[in-house]
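Feature annotations, reproduced from TrEMBL:
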- B:79-293: domain 'ABC transmembrane type-1' (DOMAIN)
- B:20-39: transmembrane segment (TRANSMEM)
- B:78-104: transmembrane segment (TRANSMEM)
- B:116-137: transmembrane segment (TRANSMEM)
- B:157-177: transmembrane segment (TRANSMEM)
- B:213-237: transmembrane segment (TRANSMEM)
- B:272-294: transmembrane segment (TRANSMEM)
Amino acid sequence: MLRRKLTILAATAALALSTNMAFAQNKVLKFVSWQKDERGVGDWWASVIKAFEESHPGVKIEWTKVERGAYADTMTTLFAGGNPPDIVHLASFEFQKFADNGWLEPLDPYIKESKLDLNGWAGQDTCVWNKQTVCTMMLYFGYFLAYNEDLLKKEGLSVPKTYAEFLEAAKKTTKDLNGDGIIDQFGTGHETRGGGGQYISEMMNYTLDAGGRWTDENGKVTINTPQMIEGLSRWKTIVKNNLTPRDMSAGEVRQLFADGKIALKMDGPWLWPIIQKGKAKDQIKTAMVPFNPPVGGSSNVLAIPTDIDKANKKLVWEFIKLATSDQLQSTYATLGASPPPSPRADIKAAKAENPNFELLVQATQAAAKAKVDRIPKGLEINFNEFSKMIMEEAQRMIIQDLDPKAVAATMQQKAEALQQQ
Amino acid sequence: MKPRFSLDLARPSRRHWLGYLLLAPAVLLIGLIIVYPLIVSVDISFQNVNIARLDQPRRPFTTANYERLFTSADFWNAAWVTLKLVIIVSVFCFLLGLGTALLVNNKFKGRSLARLLVALPWAVPEVIAVVIFAWMFDSSFGLMNWIFIKLGFIDTTVNWFSSPAAAFMVVCMTMIWKGYPFVSIMMLAGLQSIPEDFYNAARVDGANTWQRLVNITIPSLMPVLGVTLVLVMLWVFRDFSIIYVLTGGGPLKATQTLSIMTYEQAFGFFKMGYASAIGVVTLIICVIASRLMIGRAPDNI
């Protein structure tokens, strides 16, 4: 009798195991990202996927690229259609809408169960939505200054350390080189065309240095302060005087800088690989930005959708755990050429490989210490509308030559109205 | 054994059934792809929805989206921009299209090449055309600034995409360049269907070129012209990619049409109820405008 029971038990176990194996062999996790094919960080994602597939035989990750410009639409459509990707990759300024709809799984039970230590994890506070952790931060960055040493030397300028020095250097290096009436070389470079998010990041170089913030730590709008008015005046000076090329996307401006057409550029870690491929690579040096604090902020997050089955959720969590492991966070520094968010990552190899790396770490720490984020507290859910409004009012200030004080008052009023929606 | 039910489509009284049967898949598909989303859009426009999901319970009925829409300065601005764009682009497309069609309808050496060149912009994908125009009108390194400075028209560069009027003009030019070949091709087809006898008779009666154009060519082209204008107008109304890639609707909403506004509200600000309301109003305007133009066409022939 016992032998018979044991035989049945063994047969059941074998059947269950084979079913599970067959199931696992067919398991495909969908992962949509805009960073696929990106030099550096794209390679790092590929290494995470490879490591995951090796440690989970039979589970494959179907990695699909969606362009950043179409990303919000695609993800919204996928979620709204009840068919979200298993591994959710979102920008840190857009996940809030998804979390607010209840589409992102609270991660606190997973973090607790797996004892994942996120203490000191850069930008992780941003992932807390309605008192629940809904994502893990994958990058927090700080801006550094890259400058073209030759262009500064030609004008007898040293590396600027204050806004006044920066403005002087930008004015002196903005030139029409062949006298045809067209400016061929610019003092600095900012994106003045495209999305509101990037536009306000560019503006923040000046508003932060002037001591201004969009909102205070309680989420109260603080745009009509003297500091913000000063910051807006600085932005107007730079753009109105054509010290930056006009109507260019961020990518075009970076390429112009890498090719030696711009003297000074403040940007994040992603600028470094572009410089390395540019014509002026040997003339470009780096330093801390001449502004205090530097622009910084959270960049992108990983999350689990609520709409997938329990087994998939478990697998996605394992993927997140792997991506946040000390080992892969260390390779993030070398492959991604950016400071990883993990405080435990070993960045010695990255420092040895990239002479700029120490500066990136310093810039990130300075921005984090000053609690800088391009997503203002209290306006997270309306960030897209807010950034678009700020961009339009700033453009109006420049096009119609308006007084920054009046513009700040309009921005204040509109931002408060957005908060009350 | 005799089948219990048979459908004899050969019977004269049931012959039309075959037609319905053959049409059924297409009708079903249209219903699924066009009619169903349309009904859903109308339904969503009467709900206060941010991100719509079909599996979620329906929100209470409200007209708030329409109330907000009709009191919104942005909506009226977008409607005005759309109207301006439709009129300017349609008129210039018509003039250029008719002019080039008349030109390449004549017999001359190199006519085939000329016809090819006239039709070329139509074959260029919209996004590529936009990239070319964006480069030509680039404020810092664009061709147009260089040409205008060399010709002495301007003494300093124009920031084409930072000036509301200049940006609107660039959008119009791009759309005209992209749209006129369609009018040209349609007009050319229409011109070739006009019997030569009409012109010979007119010549015998002593009609000059202008009189032949006004009294024979234009009236004979009216049926084609009516349909073509409706198609061009609808294209301008719904075109999204040219404006979105070129200006994104800016600066200062100077190029924000109703379709750009719908997209921005739906996928930029995730306000799908409000976006649906804009879409529904746009649809109604399009239907009325098309009906008016097509309805009037027979009177003009």
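Just so you know, the numbers here start at 1 and follow the chain as drawn.
The backbone N, Cα and C atoms fix where each Cβ goes, glycine too.
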Spatial neighbours of the transmembrane segment (B:272-294) not adjacent in sequence (6+ beyond its ends, CB under 8 Å) are 38, 41-42, 44-52, 59, 65-66, 68-69, 75, 78-79, 226-227, 229-230, 233-234, 237-238, 258-259, 261-263, 265-266
Contacting positions for the transmembrane segment (B:157-177) when only residues 6+ beyond its ends and CB under 8 Å are counted: 81, 84-85, 88-89, 92-93, 96, 121, 129-130, 133, 137-140, 142, 144-145, 148-149, 236, 239, 242-243, 246-247, 250-252, 254-255
Positions whose Cβ lies under 8 angstroms from the transmembrane segment (B:78-104), at least six residues beyond its ends: 111, 114-115, 118, 168, 171-172, 175-176, 179-188, 190-191, 213, 217, 221, 225, 228-229, 232-233, 236-237, 253-261, 278, 285
